[in-house]
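Residues annotated as transmembrane segment in TrEMBL: A:12-32, A:52-69, A:76-95, A:147-174, A:181-198, A:204-221, A:228-249, A:329-350, A:362-389, A:395-414.
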């Protein structure tokens, strides 16, 4: 199957996995938006017809991306990055507000979401900057600059406000860590997350007690004891952080986000209230879990999902599209979907590792990380494993910008990868 | 290592997701089906409930339409409430209250606004209904009793309770189910099978259309009509005789085990448990703990049978070979043991043989026979169990297995019973000689006594009593057509039957003879007590009578039981004779007996324990005379 072109070797496995996901995704959008009438593929009032057009246009994008010289992306990464920042910033002036977020440019009857493309641009920019011979990611100064490249678009997205999409920029941590970011970031990051969850779930006192015990154990079991200041600093910082998290949760976090965390960690002690929350703030989650469950092992069959047909899960064609998979295709189809995603991500990571240039490797890693974060957060959320964070499932969720963003993201890498034979 | 971090994370997330999917879809999702899917509305189509006919084809129970006014609050438009309230016969505050209740239930779903409209109200309302948007009339089917008798036999239907729903997933809340009588025992036959339509609904509970184009929908299956063994004429007559008395009459056809009449007094008109007043009337009946009309005395009342049980001891004696028909025992106004009088007896000639023993109902004779049965064996345990098994073979001491839902086991004691009372092997035949004369530990329900008589009438076998005669196109259960044999050989029955015949000829029922019909019977009297303010107080004896007729080729076996009727032939015997004549001849020649029974009431007697006054019983009482009551029998 592999093309035997002398200069370009496209990785067909990645391309096939990509098409499986897009195709299967469209079937599920059809199911989620079809109202029981006859299917009209070219009636643009149907979302599934629109998505079909989005898919068709992504073919155009693919051809375009693959036909441009691979070097283009590296050379023009700074310009692409700056352009995408401008687009993001322009939203505050020209953007259209949908569901409380100003994330879209209205273009005729369509809307365009620049945030979906900014990820690609940021990936290119980070890869470009870090792979520069003058940059050393182990140096604090360069770390700061790199963080700035990531943080600027992330902040612009956060201000729209779209906290979920902003969170995705966390994917770059994996890229930088792979390239040599000191371990301390990983350790501190992991500990911070653990400490935050712990102090929310079990309260500040027990969290600090556990932290103090661990720190004391660590300190007194060491043969060469470092200065006593070290553990004390850690404890003070932990205390500040624990209180900070609590304060943030109860005072600063907007009500709806606070409720999501409350439901996720079962922080409400009154079972009646928690049950009520399931019917109000966690309504979507509750319905989506029920829809997935009702699919059973084999599923109810394509277009046969009763909860899908009855629109029991709001926003099912976008963020909650996986519940359609669960209901109509059952465990078999859901597992298949998870498996294809895993294969795609792993394939991209393997390809990234075999790149000859740091730029390509970092970009590939960024693609894998971004896909992974979307995959983990979206499916994890729909199945109730992590708190509700509204980001789309790549290739599945309805929407042109999202589909095109991910298509560009993946195919630039396929182009870069195919070019590696010329990198000698 | 740095290369592996993300890879490991990806794989572990994959594993966690797979685990979660397994939990949600395979572990939790395994039980989901169409019926439990709340995205599918189930609309039921109820079939016609089967009719009930008596043995002669007389229609007893049919259906009648009932009309409910339904409301869908969202669709209600401003209306002339005054006129509407007048039509519905409610006032405006009630109207508003009901509207609010319906709205709170759901603005989009139908709700019963006024239930059970009368036919007249319906006729008026129907023409004006289109004026009231958001209201419509829904037809329901109710039971209609074509008779005023047989409430205990016919039973009634009512809404299912939580237990019904839990035990049988056929039923959903609001369904009707047979509660008592044949409505309960033949529920599945009568109800048919409801049809179901699956309708896809959306999140706002609105119907979108049939689920999968109605692929899974089913049509209702009409309930089957049944014919019961009751003879409506005899039943009505029995209920007439039982007016102003409490007790039960059971008449069986010994040739088939069919229940010809099943009377329980006091009774009530089954029609009061239909329609708007059902729950009010039911509560009234149910809460009447004194007269207890919902208690079926012919099936549920368990008493010491008294003297009729003596014939069983005579049969067991003959079967065990410890007495013959000629052997005589002396009776000096009672039975003496070690110089102590164990049982008294009334004055009659002595010594007595079996024939005289039966028709004179001599206590001493039967105590002698009974002791011989127990003492025939090396141990009292063996003797007791032999006796007990013989008695039980007449259908006593356990559920008979008839097809009505209520009943009692009765009691025939055995060795285990006395071991528990006195300790193992610490008792002997003299400890429970009361069993010889149907007192003591022996207890039976009227239907068990009637069945016992049927077994005697058949000379040794009986058919399990039953109420079902015919279900269209279906044979009745084999257990009602298979004879059950007693442990007594056929030849032993003749002398005992002769004794019972002589009860009418020259014995305790001499005055109850019916010209031209050879009746065999046995009187009984049972002492009974109640607690009044914690003091055990004796009431007037119960009057008991069992009989069958004609002597050869019997057609009816009967047990009559009248609470506090004093002696056997006083109330129960007369009623038994009348019932037998009514059934065999179709009219009454002993009108003197009939008039006596109809004009004498025991209501005075029943009021005594509740009067708070001291009272007298048995011989010192005076009977209350009343005008002749009526029901559909006269």
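Every residue, even glycine, has its Cβ placed from backbone N, Cα and C.
Heads up, TrEMBL stuff is auto-annotated, nobody curated it.
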Contact ranking winner - A:52-69, A:147-174, A:228-249, A:362-389 against the transmembrane segment (A:395-414), Cβ under 8 Å: A:52-69
Near the transmembrane segment (A:147-174), which same-chain residues lie under 8 Å Cβ to Cβ, leaving out any that are not at least 6 residues past its ends? 81, 84-85, 88-89, 91-92, 95, 100-103, 115, 118-119, 121-123, 125-126, 129, 181, 185, 189, 257, 365-366, 368-370, 372-374, 377, 389-391
Take a look at A:12-32, A:181-198, A:329-350 and tell me which one has the most Cβ pairs under 8 Å to the transmembrane segment (A:228-249). A:181-198
Tell me whether the transmembrane segment (A:181-198) sits in contact with the transmembrane segment (A:52-69), defined here as at least 3 Cβ pairs under 8 Å among residues 6 or more apart in sequence. no
